[in-house]
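Asks: Residues or ranges marked as transmembrane segment by TrEMBL: 6-27, 39-62, 74-96, 108-131, 137-157, 169-188, 200-221.
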Amino acid sequence: MSIFQIVLYLHILAGFTALIVFWIPLVTKKGGMIHRRVGWIYVWAMGIVSATAFYMGIYRIGFDASRNAAEKSFAFFLLFIAVLSASTAWNGIRVLRFKRRTRRRSLLSLDTGISLILVFSSIITMVIGWVNQFPLLQYFPVIGLFLGYGQLNYWLTPPQTKMHWYFEHFGNLIGCSIATITAFTVFGAPRLLNISSISIFLWFLPTIVLTPLIFGFTRYYRKKFRLSTPK
C-alpha cells in the first residue's frame with residue numbers, strides 16, 4: 001500500500017467521522033460536556049481532513065504524471081478544502097480563547113494571517129477555475145471570501161457585544177462543515193452511488209442550505225441574548 005493510499009484512507013475516515021459527529025454539538029446543550037467533547041472530536045477530525053487534503057492536492061498537482069485536466073482541477077479543489085477547513089476550524093476554537101478581549105487584534109497576528117490566507121486562496125482558486133473553465137472552482141470559493149472577510153472583520157474590530165465570540169464560534173464551525181459536506185458530494189457520493197458524476201447543483205447544495213443556517217442561528221441567539229444588531 002502506497003503512502004498516498006494510506007493518506008487517502010485516513011482522509012476518508014476523518015471525513016466520515018466529521019460528517020457523523022458534526023450535528024451533535026448543534027443540538028446538545030451549548031457548553032455542556034457532550035457539546036465540548038464531541039466538538040473536539042469534530043475539530044480534530046477536520047484537522048486531519050485538512051492535512052490529508054493538502055497532501056493529496058500537492059501530490060496530484062506536482063507528482064502525479066498520470067493526472068488529466070479534470071483531476072488537476074479537483075486537486076486544486078482539495079487544496080482549497082484544506083485551507084477552508086483549517087481556517088474555519090482554527091478560528092472557531094481561537095475565538096473561545098479570546099472571548100474576553102476588548103481590543104482589535106494586530107493585522108500581523110497569527111489569527112488574522114490565517115484569515116488572510118483563506119481570502120487569498122479563495123481568490124487564487126477562483127482565478128484557476130475561470131482559466132480552466134471549471135465551475136466548482138469558479139464559484140465555490142465565494143464561501144471562502146465570505147468567511148475570510150468575516151474572520152478579518154471580527155479580529156480587526158473591537159467587540160461590539162459581550163457574546164461576540166459565540167456567534168463567531170458557531171459561524172466558523174458551520175462554515176467548516178460546508179467544506180466537509182461539499183467534499184463528500186464531490187468525491188464520496190459518486191463512488192457510493194456508483195455513478196460517474198452528479199449534478200453540479202449538488203456540489204453547491206451544502207453551501208445553499210448551510211449558509212442561511214449561520215444567519216438563522218445568529219438571529220435566534222441575538223434574540224435569546226437580547227442583543228441589538230451591530231451597526
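Backbone N, Cα and C atoms are what each Cβ position is placed from, and that goes for glycine too.
What you are looking at is a predicted structure, and each value in this text was computed from that prediction instead of being measured.
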Asks: Any contact between the transmembrane segment (6-27) and the transmembrane segment (74-96)? By contact I mean 3+ C-beta pairs closer than 8 Å, pairs at least 6 apart along the chain.
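Replies: Taking Cβ pairs at least 6 residues apart, the transmembrane segment (74-96) and the transmembrane segment (6-27) are not in contact, as fewer than 3 fall under 8 Å.
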Asks: Considering only Cβ pairs within less than 8 angstroms, which of the stretches 108-131, 169-188, 200-221 has the most against the transmembrane segment (74-96)?
Replies: 169-188
Asks: Same-chain Cβ contacts of the transmembrane segment (200-221) under 8 Å, 6 or more residues past its ends?
Replies: 135-136, 139-140, 143, 146, 163, 166-167, 170-171, 174-175, 177-178, 181-182, 185-186, 189, 227
